[in-house]
Amino acid sequence: MTPQDYIGHHLNNLQLDLRTFSLVDPHNHTATFWTLNIDSMFFSVVLGLLFLAMFRSVAKKATSGVPGKFQTFIEMIIGFVHGSVKDMYHGKSKVIAPLALTVFVWVFLMNLMDLLPIDLLPYIGEHIFGLPALRVVPSADVNITLSMALGVFILIIFYSIKMKGVGGFVKELTMQPFNHWAFIPVNLILEGVSLLSKPVSLGLRLFGNMYAGELIFILIAGLLPWWSQWVLNVPWAIFHILIITLQAFIFMVLTIVYLSMASEEH
């Protein structure tokens, strides 16, 4: 396999054609609306369940005495997220903090998959399960990141209408920044673009950073001899720990900020 083939192989998703419910050939297929990236969906669900299992286990075993190391770690994460929500969200909703915690930990776990050896799970998938392709970093799939951003967008609309009413939401889109009926078309364009840019930028920012990080690991593995890969892999992996944490934090912060803006007057 040439370096070009190796890189291309690792950038292919395991895809299911929803019209025939059969796996597609990643080398002779163009993705369509009816194509589902089942590897991204699988790892997203598994990591979500892992998050729920970890926090449920800690909640059941939590004691008022001296906590264990894992409980202390989880409490630090909860305290950090709670402090962030308290500083940035000025509404009264009780679901924002749990939502922010879910977003932060879930996105972090997705990003963390990028630190696994690049050939480990694809090799297992190919030689044990006969899978034609496998990508293990859900946040490097634009479909996953934009889907999560779409969920945030729906919440933005929900909280805007809940806090301001339908009339207030429509007025915000049509009467600002120019408070005159003659400027309604201009206001609608400006506010509409501003509103739609939030989920698009939120999803593409996470995707772009994680895709680039994954691609660098693939390039190192595909272009260098195996005995010299560690020279670049180790420093990049150490630096990437910061990237995956920072991207999870940014996604959480922007989610909180957008929902806070939706809950307030313009």
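Every residue, even glycine, has its Cβ placed from backbone N, Cα and C.
Residues or ranges marked as transmembrane segment in Swiss-Prot (evidence: sequence analysis): 33-53 (among others).
Here Swiss-Prot flags 95-115 (among others) as transmembrane segment, drawing on sequence analysis. Long-range Cβ contacts of the transmembrane segment (95-115) within its own chain (Cβ-Cβ under 8 Å, at least 6 residues beyond either end) map to 43-44, 47-48, 50-51, 55, 77-78, 81-82, 84-85, 89, 136-140, 144, 148, 155, 206, 210, 213-214, 217, 237, 240-241, 243-245, 247-249, 251-252, 255-256, 259.
Long-range neighbours of the transmembrane segment (141-161) within the same chain, counting only residues 6 or more positions beyond its ends whose Cβ lies under 8 Å from a Cβ of the stretch, are 13, 37, 40-41, 44, 91, 93, 99, 103, 107, 110, 135, 169, 172, 195, 198-200, 202-204, 206-207, 210-211, 251, 255, 258-259, 261-263. Taken from Swiss-Prot, the feature transmembrane segment covers 141-161 (among others), and the record attributes it to sequence analysis.
Cβ atoms under 8 Å from those of the transmembrane segment (206-226) belong to residues 3, 6-7, 10-11, 107, 110-111, 114, 118-119, 135, 137, 139-142, 144-146, 148, 232-233, 236, 240, 243-244, 247, 250-251 of the same chain, restricted to positions at least 6 beyond its ends. What Swiss-Prot records for 206-226 (among others) is transmembrane segment.
Within its own chain, the transmembrane segment (237-257) is flanked in space by residues 81, 84-85, 88-89, 96, 99-100, 103-105, 107-108, 111-112, 114-115, 139, 148, 152, 198, 202, 205-206, 209-210, 213, which lie at least six positions past its ends and keep a Cβ under 8 Å from the stretch. The transmembrane segment feature in Swiss-Prot is assigned to 237-257 (among others); the stated evidence is sequence analysis.
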What same-chain residues lie close to the transmembrane segment (33-53): Cβ under 8 Å, and 6 or more beyond its ends?
13-19, 24, 102, 105-106, 109-110, 113, 133-138, 141, 143-144
